[in-house]
């Protein structure tokens, strides 16, 4: 691998934590409240709490894999444990998951921009324009991404605080009543939505895990990052329910954007939905750049290339095409996320890592026996 680009770049545990926060919020801040409200209605916030608890266990599992991999990415660890043949098969499915996910996230950007902000702009143009920034960021490397996360995080926190305070007059606690109206089953079913996106998607971060300095502190950063990111999603979903009610939250494609339109401060500051748009653009940028960087690094390792940078442009061209043909409209995407994505994410975000974990444990025990 290219020493400067692929090996020597490092991020601190704090930067890693910030990346985890931004990745967790990602596109979920816009797309998750709707399916949650459809299934759990006014109890959607309870489903989110269950999801975060499940996510904590998942993060600890991923962190254990990262520790056992001893400085190797998922692709490198797969080849190390299973050999060139089966290891490459495992890596292929893992990388295809990341690449397809990146294309879907890119489509999220295009759909939101062309339906809510710039409706007369062609979808392809929006994708290309945004992806050019992503390619430039991936070219600069993980250190630049980590430093950028440090710059943007304070602004993100301030925007979320301002949004919450501004919506306080619009809140109605009656929108959360009655609790457990339809029993526990819808809540349990809805809790799997956040597990599918974004929690299982965080298997992607095993590609940048080796680039974290002081790897012993990574578990704390990863877990705290997920909790803070999940807490932000909990807050936004709760605001949607309290301001709009479960019915309107379920009917709106982007309910978190809709609550921004409800802001009314002293009768002269109104319709500040741009705040939600800025929050979302920041978080989805970091989610997509991590996915793009991870896929380019992984594919370079898969192809035994010394540098991932020559892949950035061709991967981008393919991603634009895939993002257009992946699904025809927003309604199809909501159906896909609600009915199909969880099983797909479980296969690649739990089953594949589980295979790698078993292989790493066996490899470690054999190595210990040889030394004794």
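Backbone N, Cα and C define each Cβ position, glycine as well.
TrEMBL lists 16-38, 44-62, 82-105, 125-142, 149-167, 187-209, 221-245, 265-290, 311-328, 340-362 with the feature transmembrane segment.
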State the residues, same chain only, that lie 6 or more residues beyond the ends of the transmembrane segment (340-362) and have a CB under 8 A from a CB inside it; answer 'none' if no residue qualifies.
58, 61-62, 64-65, 68-69, 74, 77-78, 81-82, 90, 93-94, 97, 192-193, 195-197, 199-203, 206
Spatial neighbours of the transmembrane segment (221-245) not adjacent in sequence (6+ beyond its ends, CB under 8 Å) are 13-14, 16-25, 28-29, 32-33, 36-37, 42, 44-45, 48-49, 51-52, 55-56, 59-60, 62-63, 160, 163-164, 167, 170-173, 175-176, 194, 198-199, 202, 205, 212, 252, 255-256, 258-259, 262
Sort out for me which stretch, of 16-38, 44-62, 82-105, 125-142, has the most Cβ pairs below 8 angstroms to the transmembrane segment (265-290).
16-38
Quickly jot the same-chain residues contacting the transmembrane segment (311-328) by Cβ under 8 Å, restricted to those at least six beyond its ends, or write none.
99-100, 102-104, 106-107, 110, 123-124, 127-128, 131-132, 134-135, 138-139, 292, 295-296, 299-300, 305, 336
Which residues, given as numbers and ranges, are at least 6 beyond the ends of the transmembrane segment (44-62) yet have a Cβ under 8 Å from it?
33, 36-37, 176, 179, 187-188, 190-195, 199-200, 202-203, 205-206, 219, 222-223, 226-227, 230-231, 233-234, 237-238, 241, 246, 249, 350, 353, 357
